[in-house]
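This report concerns only the one structure given below.
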Amino acid sequence: MITALERLTQSFTGSPARLSTPQLYISSLATELATSKVPSIWRDYFPHLPQVVCEGVSNQSGAKMRINTGSSVNSVAFSNDGLKIVAGLSDNTVCIWDADTGVKVQALEGHSGSVRSVALSYDGSHIVSGSDDRSIRIWDVNTGTNLWTLEGHTDAVLSVAFSTDGSRIVSGSKDRTIRIWDANSGRNLQTLKGHTREVQSVAFSSDGLYIASGSSDETVHIWDAGTGVSLQTLQGHEDWVRSVAFSYDGSHLVSGSDDGHICIWDAMSGEDLLTLEGHIGWGHKNSVNSVAYSNDGLYIVSGSNDHTVCIWDANAGVCLQTLEGHTGSVCSVAFSIDGSCIVSGSGDKTVHIWDAKTGVTLHILEGHSDEVNSVAFSKDGYHIVSGSDDRTICIWNANTGVKLRGLEGHTNWVWSVAFSNDSSRIVSGSSDETVRIWDAITGVNLHTLEGHKNSVRSVAFSNDGSCIVSGSYDHTVCIWDAKTGVNLQTLTGHKDCVFSVAFSNDGSCIVSGSVDKTICIWDAKTGVNLQILEGHTDWVYSIAFSNDDSHIVSGSRDNTVRIWDASPRANVATSRALSSDVPLVPPKHLFTTSERESGWLFDCDSSYPNRIMWLPPPLIESLPIYPCINILSRYGHTSVTYEPDFVGTNWMNCYNPTGTK
């Protein structure tokens with residue numbers, strides 16, 4: 001009980017909910033009941049609270065406060081006395097905050113590039129910072145004075161650290177070297193060479209005798225801090241090593257890598273003692289590059305930078321199978337029309353055909369000399385088309401895996417390919433800024449469509465074959481006459497590159513996904529932007545309609561697949577500055593603001609949006625908000641339900657003093 005109260009205090013004392021008694025009361029209790037073992041004790045006394053259900057989401061480490069820095073945070077550190085927080089920001093500054101109040105104490109200016117790493121001396125009197133400007137700066141914490149500027153690295157400084165006694169500084173750089181500096185004079189004492197790629201992280205042992213370094217070359221080195229000699233090269237990671245640290249007694253070393261593993265090493269022998277896999281469960285571990293529905297709408301397939309293909313139950317959101325075999329990022333996936341097969345194209349230069357039921361690899365198609373960016377089945381299921389960075393398009397026999405024809409004409413990477421519905425034509429989009437239409441039988445280039453001002457990232461035919469849609473790095477979506485090649489419309493609205501486009505099956509709408517993290521639904525005839533879907537927290541790489549046009553599926557660099565209700569819907573009320581004393585009212589629909597990190601849930605069934613409750617960051621990030629109806633992710637899922645009669649002005653009725661329903 002005491003632990004639960006402490007957790008509530010941590011999570012909500014610094015939250016926006018603290019400013020309103022009804023919202024603090026309901027939000028804090030509902031969240032605690034969802035994320036701990038307290039329900040058996042408290043639930044009977046609060047039977048009518050909003051029900052928050054968390055599947056695979058943990059909120060046990062509630063944030064004491066959130067500090068808005070106004071810029072990307074690259075590195076943070078506490079002072080040893082716990083009174084100060086220091087951070088290195090992308091706006092070239094080093095900032096110091098009071099750890100109790102969150103008030104900014106100082107902003108240290110001097111760097112001319114993003115500050116990649118910061119560290120405090122053991123006594124808290126000095127800060128060291130490393131920057132993209134290739135320099136290291138030592139600052140006086142109390143005065144903010146720049147005491148020394150250390151120069152010597154020939155590329156960005158990615159990591160810095162003090163020795164425990166504060167006499168030395170170690171730095172790691174993109175220039176592949178490690179440097180040891182005198183912290184009092186700024187003199188370069190030694191330059192350590194041995195890594196073959198960028199040095200991502202450096203650390204001193206507590207006794208100052210050793211230095212550890214982690215690198216993009218996938219290795220960890222242990223160095224003698226006095227002589228600069230490399231004592232051990234620890235191998236075992238399969239991707240960039242991002243972070244290293246010694247145990248306090250110096251006997252062990254821990255390293256974290258992009259391979260998703262944490263390794264614990266014996267610092268003396270270099271033996272790998274334990275490997276921890278931090279993200280366990282189904283789902284993708286990296287960006288989702290491509291998604292597609294099966295024709296019956298029951299399944300979704302996704303391809304990811306984690307080299308895998310996942311098959312999902314479209315209704316339950318469960319991952320049914322993870323297909324492994326590619327040795328590079330999976331850039332594109334598609335179902336055959338009968339749903340029996342899946343095709344995938346990869347950065348490993350191959351195309352794989354899989355049995356959709358068993359997950360068995362049926363064929364591996366080899367013929368491209370560079371990454372395969374896009375694949376598609378013909379509607380009759382007999383052929384597969386692929387587009388590659390090698391500037392060619394290949395047509396394959398889907399049953400035998402034999403290459404039938406290679407289409408040449410593009411002068412740069414081919415990003416996207418698609419068949420017309422009658423399988424007679426192929427459309428392709430390229431970094432050469434053109435869209436090309438090909439005869440699928442003869443391989444003849446029928447039309448070259450020019451109009452985009454940058455790479456064409458995605459193309460698609462309308463179902464009747466009369467139109468083509470294309471999305472480009474120039475932020476626009478173009479609609480073309482597929483017979484004449486004439487540009488019918490140019491749709492503007494996205495604020496960044498358009499990575500994916502698709503027609504609805506009835507041809508009335510177009511959907512587009514962008515680097516601006518949004519999905520736009522357009523009227524295909526008028527070009528009017530009908531709706532903007534927000535929810536992804538990173539670039540939207542891929543989108544597709546279900547066969548009945550009722551749903552849209554999207555894949556993103558935020559590692560999630562999301563399912564959206566594609567039915568027409570009036571634009572909900574936008575975010576406003578609301579008084580914290582607005583009462584809770586019975587809502588029919590929940591939505592959150594465009595600044596989702598605020599944590600507030602609102603009722604939009606009125607002309608004026610009303611706050612319902614506040615959710616901590618881990619929960620609000622995994623909560624689907626209409627028109628998003630499901631989030632497919634290895635990081636969990638949150639849902640919220642409530643009884644209208646026990647919120648709003650009746651919020652106090654959530655409590656039952658007898659503990660019985």
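Just so you know, glycine gets a Cβ as well, placed from its N, Cα and C.
Here TrEMBL flags 71-107 (among others) as repeat 'WD'. Long-range contacts of the repeat 'WD' (71-107) within its own chain (CB-CB distance under 8 A, at least 6 residues past either end) are made by residues 14, 65, 113-120, 122-124, 127, 129-131, 133, 137, 139, 141, 144.
Taken as a whole, the repeat 'WD' (108-149) shows an average pLDDT of 96 in this prediction. What TrEMBL lists as repeat 'WD' is 108-149 (among others).
Under the heading domain 'EML-like second beta-propeller', TrEMBL lists 123-273.
Taken from TrEMBL, the feature repeat 'WD' applies to 150-191 (among others).
Per TrEMBL, repeat 'WD' is recorded for 192-233 (among others).
With a threshold of 8 Å between CB atoms, the same-chain residues lying at least 6 positions outside the repeat 'WD' (234-275) that come near it are 200-207, 209-210, 212-216, 218-222, 285. According to TrEMBL, the repeat 'WD' annotation covers 234-275 (among others).
Sequence annotations record features per position, and here TrEMBL assigns repeat 'WD' to 281-322 (among others). Break the repeat 'WD' (281-322) down by DSSP state and the numbers are 0 helix, 21 strand, 21 coil.
If you look up TrEMBL, you'll see 323-364 (among others) marked as repeat 'WD'. With a threshold of 8 Å between CB atoms, the same-chain residues lying at least 6 positions outside the repeat 'WD' (323-364) that come near it are 286, 289-296, 298-299, 301-305, 307-311, 370-377, 379-381, 384, 386, 388, 394, 396, 398, 400-401.
TrEMBL lists 365-406 (among others) with the feature repeat 'WD'. Away from its own ends, the repeat 'WD' (365-406) comes close to residues 328-329, 331-338, 341, 343-353, 412-419, 421-423, 426, 428, 430, 438, 440, 443 of its chain (Cβ-Cβ under 8 Å, at least six residues beyond either end).
With a cut-off of 8 Å between Cβ atoms, the residues of this chain six or more beyond the repeat 'WD' (407-448) that come close are 373-380, 382-383, 385-389, 391-395, 454-461, 463-465, 468, 470-472, 478, 480, 482, 484-485. Annotation comment: TrEMBL describes 407-448 (among others) as repeat 'WD'.
DSSP labels the residues of the repeat 'WD' (449-490) in these numbers: 0 helix, 23 strand, 19 coil. The repeat 'WD' annotation in TrEMBL covers 449-490 (among others).
If you look up TrEMBL, you'll see 491-532 (among others) marked as repeat 'WD'.
Sequence annotations record features per position, and here TrEMBL assigns repeat 'WD' to 533-574 (among others).
Residues of the repeat 'WD' (71-107) grouped by DSSP class, helix first, strand second and coil last, total 0 helix, 21 strand, 16 coil. With a cut-off of 8 Å between Cβ atoms, the residues of this chain six or more beyond the repeat 'WD' (192-233) that come close are 155, 158-165, 167-168, 170-174, 176-180, 239-246, 248-250, 253, 255-257, 263, 265, 267, 270.
Long-range contacts of the repeat 'WD' (108-149) within the same chain: residues 72, 74-81, 83-84, 86-96, 155-162, 164-166, 169, 171, 173, 181, 183, 185-186, each at least 6 residues beyond the stretch ends and with a Cβ under 8 Å from a Cβ of the stretch.
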